[in-house]
Amino acid sequence: MAALESPENHIKATATSTATTSSSTTSDLNFSVRRRSTTVTDSPSTEMMESEDLKSNGKECDKVTNENRSDIKFNYRPSMPAHRGVRESPLSSDAIFKQSHAGLFNLCIVVLVAINSRLIIENIIKYGWLINGGFWFSSKSLRDWPLFMCCLSLPAFPFAAYLVEKLAYQNYLPQLVVVFLHTIITTGSLLYPVLVILRCDSAFLSGVTLMLFSCIVWLKLVSYAHTNSDLRAIAKSIDRVSIFEKAQQEDVPSISPYVGNPYDTYFKSLVYFMVAPTLCYQSSYPRTESVRKGWVVQQFVKLIIFTGFMGFIIEQYINPIVKNSQHPFKGNLLYAIERVLKLSVPNLYVWLCMFYCFFHLWLNILAELLCFGDREFYKDWWNARTVEEYWRMWNMPVHKWMVRHIYFPCLRNKIPKGLAILIAFLVSAVFHELCIAVPCHVFKLWAFIGIMLQVPLVVITKFLQNKFRSSMVCPFLHLFISQAERLKSGTSDK
């Protein structure tokens, strides 16, 4: 009985009753307020009744406040226990992954901005302003009209592909002739800009822009031709099945296999596909309802800012380091390693800015203007566990094109999976080499070799992932932790 009537139990009982009373009073008060808000007040008697209700409600509010004050008096006394359970520290191994680290992330961003701002100011004070527009727009830029005319003439190749598909739809061309004509059109759309850039001593930016544009046109034309070829094959098979069933039912001797063909070609679909932020052709796409003009302006301002920052890093850091460096194979090996490591940080910043400007800002702006619905232009490649996952997530338009038009066609033709992956990397390496070597007029196969070296990295990282089965921890760190746990268990056994 003494234990039941202790002061602590009395306080808890009083607090519980007080909380129950206050919650009921508050609910009654809310109900009276809602009831009063839905009542029509027209007559003076109604106004008098409302004034009385307000007075009573005011008294109830005062009563609730007094009860809360009494609750505070009992619950926050010096004798109340401050430690009421077993808890872990936020940074302990058992609780570190159970909470958000947004504050630490923001702190890291602030520190990163502060450190890099100091380095930029120090670089400008030490070396001065090194921005030189000649690297991007030289005196020859105004004479780059052949590249500009080549860019304007590239839409002729999609129009030619459309004419070929239209003739194939009307059964004027056999399949082999259609494939041959599409091969000529796609090859011409790629070789024509290469020849123009090599014949003209153009600026670097003009050449890169034209090569990127021509590569995109080539990829789109291949998808357009491949998709329509598959649609024709499906339409033929469907028509043949329906004709066979109809001949069995009605005893019809012969009907053209293209009667009632559901396959069709529309010029509007091709035009939308050529300007849409995708490389895979289809007759219709998911669409949004309207264009957010304010959002487009906001993203465009971000695009200008980050593009300028990317150019600043290239001119202020990368170009001076490259110009003041020796040839990597003609000097000291340690010196070459030091130069490469010194270039790694600004190159990383440029790559991140390029990714953000193109894959997030520019493609989303284009998608918003065209009401293009599927805006999965990239996935969370920063969480990739292997090199293969990284290549599958960082560039979704190219990845979808590779899977749709190279990887699965190779598998359907009984090509092994490893060889299909190698072919996909080979195509990617060729286009990387074209986009870098042609504008620079330097054919050393550096980009080609760099992409092909990703294949052994894919194999190595996949082997490590399968061996250690770690999703968020580096395999080497996982190995170190497991060895430490084994050592610890062996010591405890002793």
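Numbering starts at 1 and runs along the chain as displayed.
Glycine is treated like the rest: Cβ placed from N, Cα and C.
According to TrEMBL, the protein carries these features:
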type: ACT_SITE; residues: His432; note: active site
type: COMPBIAS; residues: 13-27; note: compositional bias 'Low complexity'
type: COMPBIAS; residues: 38-48; note: compositional bias 'Polar residues'
type: COMPBIAS; residues: 52-62; note: compositional bias 'Basic and acidic residues'
type: REGION; residues: 1-62; note: region 'Disordered'
type: TRANSMEM; residues: 104-125; note: transmembrane segment
type: TRANSMEM; residues: 145-164; note: transmembrane segment
type: TRANSMEM; residues: 176-198; note: transmembrane segment
type: TRANSMEM; residues: 204-222; note: transmembrane segment
type: TRANSMEM; residues: 300-318; note: transmembrane segment
type: TRANSMEM; residues: 348-372; note: transmembrane segment
type: TRANSMEM; residues: 419-439; note: transmembrane segment
type: TRANSMEM; residues: 445-464; note: transmembrane segment
Long-range neighbours of the transmembrane segment (300-318), counting only residues six or more past its ends (CB under 8 A): 120, 123-124, 127, 129-132, 135-136, 343, 346-347, 349-350, 353-354, 356-357, 361-362, 365
Cβ-Cβ under 8 Å with the transmembrane segment (145-164): same-chain residues at least 6 beyond its ends: 173, 178, 181-182, 185-186, 188-189, 192-193, 196-197, 199-200, 202, 206-207, 209-210, 213-214, 217, 220-221, 224-225, 265, 267, 270, 274
Proximity verdict for the transmembrane segment (176-198) and the transmembrane segment (348-372), three or more C-beta pairs under 8 Å: no
List of residues, in chain order, with Cβ under 8 A from that of His432 (active site) and at least 6 apart: Ala447, Phe448, Gly450, Ile451
